[in-house]
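Asks: Look at TrEMBL and you will find A:Asn242, A:Met271, A:Tyr300, A:His336, A:Ser356, A:Arg357, A:Gly358, A:Asp397, A:Gly398, A:Leu399, A:Arg400, A:Glu436, A:Tyr463 tagged as substrate binding site. The feature Zn(2+) binding site is assigned by TrEMBL to A:His440, A:His504. Taken from TrEMBL, the feature [4Fe-4S] cluster binding site applies to A:Cys584, A:Cys587, A:Cys592. The annotation domain 'ThiC-associated' is assigned in TrEMBL to A:26-103. Residues or ranges marked as region 'Disordered' in TrEMBL: A:1-26.
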Number of protein chains: 2
Amino acid sequence: MGDHTSNGSANGNGHGVPTSTLSTTPFPASRKIYVSGQQPGVRVPMREISLTPTKSMNGTVTPNEPITVYDTSGPYTDPAVSIDVRAGLPPLRRQWVLDRQDVDELPSVTSAYGRMRAADPKLAELRFQHIRKPLRAKPGRNVTQLHYARKGIITPEMEFIAIRENQSREVARELASRNGHGGGTAQHPGFSWGAAIPAAITPEFVRDEVARGRAIIPSNINHPESEPMIIGRNFLVKINANIGNSAVASSIEEEVEKMIWSIRWGSDTVMDLSTGKNIHETREWIIRNAPVPIGTVPIYQALEKVGGKAEELTWEIFRDTLIEQAEQGVDYFTIHAGVKLAYVPMTAKRMTGIVSRGGSIHAKWCLAHHQENFAYTHFEEICEIMKAYDVAFSLGDGLRPGSIADANDEAQFAELETLGELTKIAWRHDVQVMIEGPGHVPMHMIQVNMEKQLKACHEAPFYTLGPLTTDIAPGYDHITSGIGAAMIGWYGCAMLCYVTPKEHLGLPDREDVKAGVIAYKIAAHAADLAKGHPGAQIRDNALSKARFEFRWEDQFHLSLDPETAKQFHDATLPDNAAKVSHFCSMCGPHFCSMKITQDVRDYAAQKHLDEQQAIQIGMKEKAEEFKKAGSEIYR
Amino acid sequence: MGDHTSNGSANGNGHGVPTSTLSTTPFPASRKIYVSGQQPGVRVPMREISLTPTKSMNGTVTPNEPITVYDTSGPYTDPAVSIDVRAGLPPLRRQWVLDRQDVDELPSVTSAYGRMRAADPKLAELRFQHIRKPLRAKPGRNVTQLHYARKGIITPEMEFIAIRENQSREVARELASRNGHGGGTAQHPGFSWGAAIPAAITPEFVRDEVARGRAIIPSNINHPESEPMIIGRNFLVKINANIGNSAVASSIEEEVEKMIWSIRWGSDTVMDLSTGKNIHETREWIIRNAPVPIGTVPIYQALEKVGGKAEELTWEIFRDTLIEQAEQGVDYFTIHAGVKLAYVPMTAKRMTGIVSRGGSIHAKWCLAHHQENFAYTHFEEICEIMKAYDVAFSLGDGLRPGSIADANDEAQFAELETLGELTKIAWRHDVQVMIEGPGHVPMHMIQVNMEKQLKACHEAPFYTLGPLTTDIAPGYDHITSGIGAAMIGWYGCAMLCYVTPKEHLGLPDREDVKAGVIAYKIAAHAADLAKGHPGAQIRDNALSKARFEFRWEDQFHLSLDPETAKQFHDATLPDNAAKVSHFCSMCGPHFCSMKITQDVRDYAAQKHLDEQQAIQIGMKEKAEEFKKAGSEIYR
C-alpha cells in the first residue's frame, strides 16, 4: 500500500541492532512443528501451544490437547535454527524453482542501476555478502504460479499453502472428539457474503483459486527464502505491515529487525517502503532474511533516482527499477497504473486531494507532461517483466480517499474500473494480481467498496488500507481503521494493510508496529470468525475454556500477545499463587461470577438432580405459589 | 453493565489524590461556552475549539471558524468555575425539580442501611459534609421524565438536551456557507437501519422520543448536579465508563478523580461498580461531584451486606439498597430481573457459563431457594421505588455470552424476551427503561442482537458491552470490542459500555480507562457517521482540512486526544518549525503526497487553465498519439 505515512519506521533504540538482539525468543509454552507434504521439501511450519490439564473441583484431571496456530514468524522462533542475518535464511524454495527447469541463472544483474550499485566500492560495507546470481524465466517461458495453475500443475508452493491454511484442524477435531469435550472445535456457521470457503483446503483447491485469479501466491523466483502463503477471499484473511527507512534515520540492521518484529506478531507480508539512502542495499538485506513475501512501491525508488522531481521520471527509469527489484526478489509491486490523466482533475475539489504518494507522483507527472500515465501506457511491458520473475501486481489505488469526506467519490471508482481493465490484461499474461483499496470510509460505505471491487476487478483479491472509519482520532488510527478492516475482511477483503497509532503523525517505532500488527490480527481473525472460516474458532474456544477454568497461564499462552496479557494480570495480582487459584484478580475470593457459575453446576450435581429436573420442580412449586397468591402479573 | 471485570480501578498513583491534582486543565485552544434555552436555568455547556486561518501558497489568508463539540467534562474544564470536591458541584437541576412541586423533602434518609451509616461516628471522616435531605415524589405522584413526556410536558431537561444534541450545527452551517467553503458541513447521507433521526433536534422531539420509550433521560431528582443527557437510537450514540473500588485498594478521592478522568475523555455516563468497603460513602462523593448520570448495580452492594453469600440475600435487603441508592441520586440501576429460574439450566452446557456477576448472584439465589428471582417477582414494587425518584432501569443481561462460543444462545435470547415483558411493566408505571446487551459476539451475529432487542423490547434503548468480536486478544479487548461496539452502534444501539485493555486480566489504571474511553468515542462517532447523524461529519471535515493544509496544531486540537497526537508528532520531529512547515514528518520536504497534490492544483492555476480544460487538451493529444501508434490495447 503506497500510504503516505507509513514509509518510515523510527526505531527508538538508536542505531544498529546486533544480531544477538533480534527477536528470536520462542513464544511461551510454544514449539515450532513442521507438517510434511507429499512433494519433496514441503515442510510447513506451525506453532503448537501446549496447555495444562483441567482440574475439576472434585479432583478429576482432564488433559487439554495442544492448539496449533498459523505461524508467520519463520525460522526466527525455532531454537533449532541458528540465525545469522549476514548469511540470510536458507533458500527453502530454490530447488522447487530449479526443478521446474524454466529459469536461467543470469551472469549478473540486468538493471543498469543494480550494476552501478554492485560496482560501487564505497558500498562494500553496506552490501549483503552472499548475493546469488538472479534467476529469470527462460526466453518464452512464464514462471508465475498463475501460469502453472492454469496448466493444471500443483506446485510445491500450492501444496505447502494447503497444509498451512488447514492448520491441522482435522487433528484438533479428532483429538477433541476422542477426549469427549467436543465443544472445542464447534463453531458458528458464519456468513461469508458469497465466498466459497471449503471445509478443508486441498492443494487442488489452491490451484483452482489461483487459476481463477481469485487468489495469489506472491513468490518471486528470486526470493526462495519465503514460506509460501496465499492471499484470497476463500482463505484466511491476511495482514501486511509496512516498514522502511526514510530520509531521517535508520540503519540496515534496524530494518531487518523491524521485519522480524512485524512477522513475530503475525504480519503475513511486509512492504518495504524505504525512501532514504541505500534503498537498494537495505532491500537486499530484508529480502535475504524474510520468510514472508516482500512488497514494494517501485515508483518511490524511481523518484529518488531523479532527485525527487516527479516530472523528470521516465518510463526507462521506472522499467530499470522494476527489473532491479524483481531480480532482488520482491514478491509484489504496488503500481499505480490506474491513475489516468483524465481522473486527476476529479480530485481537485476533494477535501484532501490525492493522499497516495504513488498516486500523486504519477498525477504530477501526467500534468507536467500532459501525457497519459506511463505505467498505464507501458502496462503490457510491465507484465512481461512480472512474468519473467513471478512478481505479482498490487494495483495501487492512487486516488483513494484521504478523508471521510472524499470516500467513494468519482475519482476513486473511476480508477477502480481501470484497475479492472488492467487485471484482465495482466491475466492475459498469466501475471498474478491483487487490487488495493481505501483508505478513509465511513462504516456504511465500506461494503459497496467490496462489491464494486469484486465486480470491476473480476474477483481478483482485494487489499485495503484500513479503511479508517473516522478522521477525528489521530494517535488511535490503528483503532479507527481496525474497525473498518474487520468489516471489509468479513465482506471479502483478502488482505488488510495495517495502520499504526502514528499514522498521520510520525514514524512508527517498535511499539507502534506491534500495536498495528496486533490490531490487524484482531481484525483479520474477527473477519475469519464472521465468515465462518473452518477451524477459526478453535483458538477462541480454547482460550475461553482456559479462562472459565482459571487456567491463567493457558489463557496468556493462547492470546495474541502473551507477554502483555501476563503483564496486565500481574499488575493487579503479581503473586504467583493468583495464577493458579480459583478466583480472579478482578473480583476477589468471594465475588466472582465464574466461580458462582461453577457453584451453580456443582450445586445441581450434589443434589443428584440434573439441572433440568431441578428447574421443573422449582417451576411446579412456583406455579403453586402463584396460584395461592392469585398473582398473574408476570405473565 | 454488570461486567465481572470492570468493578475496580486501580490507580497507579498510589493513595489519595489531592484536589489540586484533579484533571481540570481545559483542552488546548478550547473554551467552554454556554448556549441558553428558553426555560430558566437552561444553559448548555459545549466546547469550542478555535482554529488558525488557512494560508494558501499565493498568500491569501482565509479564517477557519471555530468548531463546537459535545462536552461531557462538566464544570471541571471551565476555568471560571472553582472546583471543590468537598463541596460538590452546584445543583444545576434542583430548582427545576422543586418547581414541578411534586416532591417532598424528607426529614432524613429512608433506608435502614443509610440511617445506620449516617449514625456511625467512625465514618465521620469519610463522609461527604454537605449531604442534602433526600427528595421523593409526593404520595401518588410520579416524577419520571417519561411521566412528564407522556403528559405532554417539555421539561427543562428536554430543552437542555435538544440544544446539546444539536451542538450548534446550524451555526456551523451558516458560517461555512458565509465563508464560501461550504464543504465543512457537507456529509454523506448515512444509512441508519430504520432509525428516525431528524435534521434538527427540537425539545418536542426529545419529549416525543421519551414518551414513546425510545429514549431515556437518566435524571434522579436527587442528582441535581448532572447535566441532562439522553440515551436513544435517534440521538448521538453515547458511551459509559465503569469505575469502582474493590476489596483490594482505592481511596475515596481517587474514585472521584477516576470519574472526572472518564468524563474528561468523553464518557457520557459513569457506572460506579464498587465492591469494597465504604461503598455508600464513596458513592456519595462520586454523585455529588458528577455532572453525568451515575449508574450502579445495586445487587453488588446488597451482596456485600450479606457477607458475599448469595443465598442469604432477601428481597428486603435488596429493596432497602434500592431506596438507599435512589436517595443518594443514582440515575440508573442495572437490575437482573430477567434471570429467571427456568433459564439458569440453559447455561449449564455453555463454554463459559454465566459471566455477569449480577446474573450469577441471582442464579445462585434461585437455585439455592428453588424459587423465582426476587427481582422478577417483586418487579412492580421496584417500579414503585424507581418512579418516586426517577431512577431509570438498565435491565441487566445476566445471561449474556462470555465467549464467542456462547453468543446468541437460547439462554441469552430467553432472557431478552423477559426483559421485553418487564419493559412493558415498567412503562405501565412510567418508569424509564434501557436494555443491556452482550458481550462476546462474532461480527456476523451482532445485527440480529439489535433486531431482536428492538422487537422484543419495543424499541427501548439498547446498551451493550462491546460486543467483543473475538476471544483471542486479552490485553487488547478495547479493540476486539471497539469493532463490535461501532457496528452495533451503527445498527441502532444507543449506548456503548466501554471495555478497557485490562478486561479479563486486572483492574484498569488511568491509562487503561483513557484507552477504553477513547476507543469507545471512536466507535460511537464512527456509528454516528454511518447513521448519517446530522452534523456528525463537521469535526472530521475540519480535522481533514487542517491535515491537508498542514495546520498541525489545528489537527491536534480537533482530535479526540490532542496531547497524544502532538506527542506522537513531536516524537519524530520535535522542532517547532515542523508544526507550521508545509511538509510532514513522514515524508520529508521533497516527498509528500499532500504537497504534490497542492502542486497539482497550483500547476493548473498557473497555466491559467482550469483543470478540466487541461485534461481535455491532454486527452486530445493523447488520442492523436494513440491513433498514430495504431494502439488500442488499453480500450
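Here, residue 1 is simply the first one shown, and the rest follow in order.
Backbone N, Cα and C define each Cβ position, glycine as well.
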Asks: Applying an 8 Å Cβ threshold (strictly under) against chain B, tell me which of the binding-site residues A:Ser356, A:Gly398, A:Tyr463, A:His504 fall inside, in sequence order.
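Replies: Cβ contacts with chain B under 8 Å: A:Ser356, A:His504.
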Asks: CB neighbours of A:Tyr463 (substrate binding site) within 10 A?
Replies: 28
Asks: For the domain 'ThiC-associated' (A:26-103), would you mind checking the mean pLDDT of the predicted model?
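Replies: Summarising the domain 'ThiC-associated' (A:26-103) by its mean pLDDT gives 94.
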Asks: Could you tell me how many residues in the domain 'ThiC-associated' (A:26-103) are helical, how many are strand and how many are coil under DSSP?
Replies: 10 helix, 23 strand, 45 coil
Asks: Taking A:Asn242, A:Met271, A:Tyr300, A:His336, A:Ser356, A:Arg357, A:Gly358, A:Asp397, A:Gly398, A:Leu399, A:Arg400, A:Glu436, A:Tyr463 as the record's substrate-binding set, what's the max Cα pairwise distance in Å, rounded to a whole number?
Replies: 20
Asks: Rounded to a whole angstrom, what is the C-alpha distance between A:Tyr300 (substrate binding site) and A:His504 (Zn(2+) binding site)?
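Replies: Taking the Cα atoms only, A:Tyr300 (substrate binding site) lies 19 Å from A:His504 (Zn(2+) binding site).
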Asks: Within 10 Å of the Cβ of A:Tyr300 (substrate binding site), how many other Cβ atoms are there?
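Replies: A count of 22.
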Asks: Determine the Cβ neighbour count for A:Gly398 (substrate binding site): the number of other Cβ atoms within 10 Å of its Cβ.
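Replies: A:Gly398 (substrate binding site): 35 neighbouring Cβ atoms within 10 Å.
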Asks: I'd like the Cβ neighbour count for A:Ser356 (substrate binding site), meaning other Cβ atoms within 10 Å of its Cβ, all protein chains included.
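Replies: The Cβ of A:Ser356 (substrate binding site) has 32 Cβ neighbours within 10 Å.
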Asks: Let's check the environment of A:His504 (Zn(2+) binding site): how many other CB atoms sit within 10 Å of its CB?
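Replies: Result for A:His504 (Zn(2+) binding site): 28 other Cβ atoms within 10 Å.
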Asks: Taking only the binding-site residues A:Ser356, A:Gly358, A:Gly398, A:Arg400, A:Tyr463, which one has a CA atom nearest to the CA atom of A:His440 (Zn(2+) binding site)?
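Replies: Its closest listed neighbour, by Cα, is A:Arg400.
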Asks: Work out how many Å separate A:Gly358 (substrate binding site) and A:His504 (Zn(2+) binding site) at their Cα atoms, rounded off.
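Replies: Just about 16 Å between their Cα atoms.
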Asks: Measuring Cα to Cα, how many Å separate A:Gly398 (substrate binding site) from A:His504 (Zn(2+) binding site)?
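Replies: Just about 17 Å between their Cα atoms.
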Asks: Helix, strand or coil for A:Ser356 (substrate binding site)? Use DSSP.
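Replies: The three-state answer is coil.
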Asks: Where A:His504 (Zn(2+) binding site) and A:Ser356 (substrate binding site) are concerned, what is their Cα separation in Å, rounded?
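Replies: Rounded to a whole number, the Cα-Cα distance is 12 Å.
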